[in-house]
Amino acid sequence: MTASDLYPTSLRLLGRPVLMVGGGRVAGRRMGALLDAGALVTVVAPEPGEEVERLAAAGLITLHRRPYRPSDLDGVWFAQTATGDRAVDGAVASDAEARRVWCVDASDAESSAAWTPAVVRAGDVTVAVNAGGDPRRARALKDAITLALSTGRLPLRRRRASAEPGRVALVGGGPGDSGLITVRGRQLLAEADVVVADRLGPRALLAELDPAVPVIEVGKAPGNHLATQDEINAVLVREARAGRLVVRLKGGDPYVLGRGGEEAAHCRAHGVDVEVVPGVTSAVSVPAAAGIPVTHRGVATGLTLVTGHEELAEVPTRADHTLVLLMGVRRLADTARRLTERGLDGATPVAIIERGWMPDQRVTVGTVETIAAQAAAVGVENPAVIVVGDVVRLSPYATGAPAAGVPAPILTLNPTSEGARA
């Protein structure tokens with residue numbers, strides 16, 4: 001049999017009897033797909049392997065611990081052989097042929113009446129790959145297709161009828177670099193009917209969307225909100241009720257100071273199903289781009305994450321603790337003063353990482369006493385993450401924080417390169 005002799009099809013095996021002759025590793029691997037399809041699987045094997053025994057003990061299959069008999073094919077819709085014995089497999093295939101039962105002969109692909117393809121699944125999309133009877137080639141093609149599907153490089157978007165229920169996916173896009181969004185996030189973007197996008201996050205991915213997919217901009221900048229939170233909530237519900245898959249693309253992680261919890265609660269309160277896809281939070285990943293671990297044995301054993309709008313009354317000021325501030329540039333001078341008043345040493349190192357993970361990333365290093373003046377002098381702007389604590393000294397780009405009164409180094413860093421420019 002050659003590839004041109006094959007007629008591709010998909011079998012509905014739900015509730016239909018299927019025979020597996022053989023109980024070793026090959027049989028165990030093939031069992032999962034048959035059970036997923038809802039087949040009623042009977043295994044005939046004198047010495048079944050561990051996986052087959054486990055499935056039988058769980059009541060998922062019927063197991064006969066004996067050699068094959070022709071009567072095992074009675075009432076069967078589909079059969080597979082996996083004994084490793086060409087004579088036995090051939091006998092099963094011959095008996096199945098006489099009874100007009102489709103059979104996959106694992107020992108003789110050339111004469112087998114059917115082949116099992118390498119299968120890729122992405123949601124409700126199934127791709128079956130046959131490669132001329134070469135299983136390694138089929139697996140290689142399957143892996144390539146899997147990668148393309150998982151990274152959103154193949155179109156997954158369905159044409160939905162408006163009567164179908166829509167849903168919302170809150171997708172954490174990470175700190176901004178397109179490579180730092182999760183695989184699930186990429187998949188959902190490829191399936192989206194509409195994207196509701198923040199100002200931050202992997203904006204470059206919006207250019208890869210199907211031209212028919214609208215992008216609703218709701219980004220917020222200090223003092224400049226394109227939409228209020230109530231308006232964003234209303235957009236999500238409105239679009240989902242129209243039967244659409246709405247991807248709410250957010251920077252960082254949707255549940256870390258991103259108001260994702262509010263959006264999810266609003267949608268659910270209005271009967272809209274919500275999927276939450278975690279993202280790489282900028283609170284940890286952006287310091288990492290500058291070589292700063294937010295915790296480090298012997299240096300910092302705890303982490304507090306706040307926004308720059310907080311009053312900082314309860315923020316720990318211990319030497320073994322790291323403070324990370326998001327959206328804190330505008331109130332930086334006030335924040336530094338309050339931390340000093342609460343007992344934090346003015347010589348505590350501080351780093352400000354602007355545009356983390358982007359090609360124009362910039363890092364400013366100072367101390368609690370000097371950082372506000374240094375930031376003003378060089379024009380630090382949002383988006384930026386501020387790190388306060390001795391972990392700043394661990395950065396390979398800032399081996400020592402300056403003392404009070406000493407100008408802080410300004411480093412322009414590309415997080416994907418090895419070097420830095422002073």
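Cβ coordinates come from backbone N, Cα and C, glycine included.
According to TrEMBL, the domain 'Tetrapyrrole methylase' annotation covers 168-371.
Among the features that TrEMBL reports, active site, proton acceptor is placed at Asp198. Non-local contacts of Asp198 (active site, proton acceptor) by the CB criterion (under 8 A, 6+ apart in sequence, same chain) comprise Gly173, Val218, Gly219, Lys220, Leu249, Lys250, Gly251.
Mapped onto three states, the DSSP output places Lys220 (active site, proton donor) in strand. The Cβ neighbour count for Lys220 (active site, proton donor), using a 10 Å radius and every protein chain shown, is 17. Residues or ranges marked as active site, proton donor by TrEMBL: Lys220.
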Three-state secondary structure, which DSSP defines for Asp198 (active site, proton acceptor): coil
